[in-house]
Amino acid sequence: MTRFQRVAVLGSTGSIGDSTLDVIARHPDRLGVYALSAYSRMDKLAAQAAACGAAVVVVPDDAAAARFRAAWRGKAAMPEVRVGPRTLAETAAAPECTTVMAAIVGAAGLPAALAAAQAGKRVLLANKEALVAAGSLFMAAVRENGAELLPIDSEHNAIFQCMPQGARAAAPTAPAPGVRRLLLTASGGPFRRQDPADLHEVTPAQACAHPNWSMGRKISVDSATMLNKGLEVIEAHWLFAMPSERIDVLIHPQSVVHSMVEYDDGSVLAQLGQPDMRTPIAYGLGFPERLASGVGLLDLTRWGRLDFEQPDLQRFPCLALSFAALRAGQPACVALNAANEVAVAAFLEGRLRYTWVARVIEAVLEWQAKQASVTLTSLDDVLDLDARARSFAGNLGLA
């Protein structure tokens, strides 16, 4: 009999959180909500908690807790309100919780995701930064504590589904036998055909207008710059123990083929589906079984054709910078992510031009390369380097 799962949805008010709660609500016999967390939207968090019957909510500070309590309109008892990053990690590791959806955007989601892995949970990983900034630490925690790691990014979920049946270890230490390459697909975002010379005047609204996916503002900008795909390359390296030279990116504007695995015998296995995050979320929640997701079926006759092309690195310099960071090592990946978060925040606030996002990242990577060699053996090491990289980026006069 399938075990009933009590899920902590970290970052519940974002698009991944919404989709996760939608899938959970479709399977009340198998799935329930233990905890929710949010950073700012307390009205929405209160409505979600009332609808799903969460036992716990986690908020960042006392002011947010007061806003949550003021917004509560549920007929049932108010959930326990926990405050601060430490309680977020404790909630992710709580014995009452079986499964953690790690969907907090950015490095802020790293400590709780790592705590879930250290507690041996089923971790549904939608937070790229856990692997980009702390890949070796995170994968070691999965292996050493018997955690179950299921990637939720559509690309990595697709690769996971296309891997050999015997290669589904939670944290492999070598590439799966017979696998030659991983092919990550990318839509190309809203500027796939735009002249690079015209990108200087791009506005936040234009960058956030993704042609296929509904996403938050930060990840929408990352998709436009293809830094998002670069982070996914780094993530794929850790998830599947695949060296960078065996990971390729293809532009696929229809977003129907979510990624592919090429085998030594010439076979290429692909996972296709509608561009709806409920599909990989349902896969992660139900694994190894399949759950209804609420996503409509794919009609290939409607598409008629599927296109693929190589990415233009002049238009997408952030993708090239990501491959360079992966080749340079984990400290460079920490710096890459930190610089991007600072630069994208500045762009969204109107303080930085779109084309300067890549320049900030490049400058921070050059700064990191000149630092004394550092070994990232603990979460504190990672967070210290992250803070120093953010400080350097913020003081460039560019952000």
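Each Cβ is built from the backbone N, Cα and C atoms, and glycine gets one as well.
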Checklist entry - Swiss-Prot records Thr13, Gly14, Ser15, Ile16, Asn127, Glu129 as NADPH-binding residues. Which of Gly216, Gly230, Gly266 is assigned to the same site? => result Gly216
Checklist entry - So Swiss-Prot lists Asp153, Glu155 for Mn(2+); which of Glu232, Glu245, Glu262, Glu289 goes with them? => result Glu232
Item to check | Of Thr13, Ser15, Asn127, Asn228 (the binding-site residues), the residue whose Cβ has the fewest other Cβ atoms within 10 Å | outcome: Ser15
Checklist entry - Taking the Cα atoms as reference points, how far is Lys128 (1-deoxy-D-xylulose 5-phosphate binding site) from Ser15 (NADPH binding site) in Å? => result 15
Item to check | Whole-number Å value for how far Asp153 (Mn(2+) binding site) lies from Thr13 (NADPH binding site) (Cα to Cα) | outcome: 17
Checklist outcome for this item: Excluding its own, the Cβ atoms lying within 10 Å of the Cβ of Glu129 (NADPH binding site) add up to 28
Next on the checklist: Quick check: of the binding-site residues listed here (Glu129, Asn228, Glu232), which one has the Cα closest to that of Asp153 (Mn(2+) binding site)?
Outcome noted: Glu232
Checklist entry - If you take the centroid of the Cβ atoms of Asp153, Glu155, Glu232, the listed Mn(2+) site, which other residues of that chain have their Cβ within 8 Å of it? => result Lys128, Pro151, Ser154, His156, Asn157, Leu184, Asn228, Lys229, Glu235, Ala236, Ser259
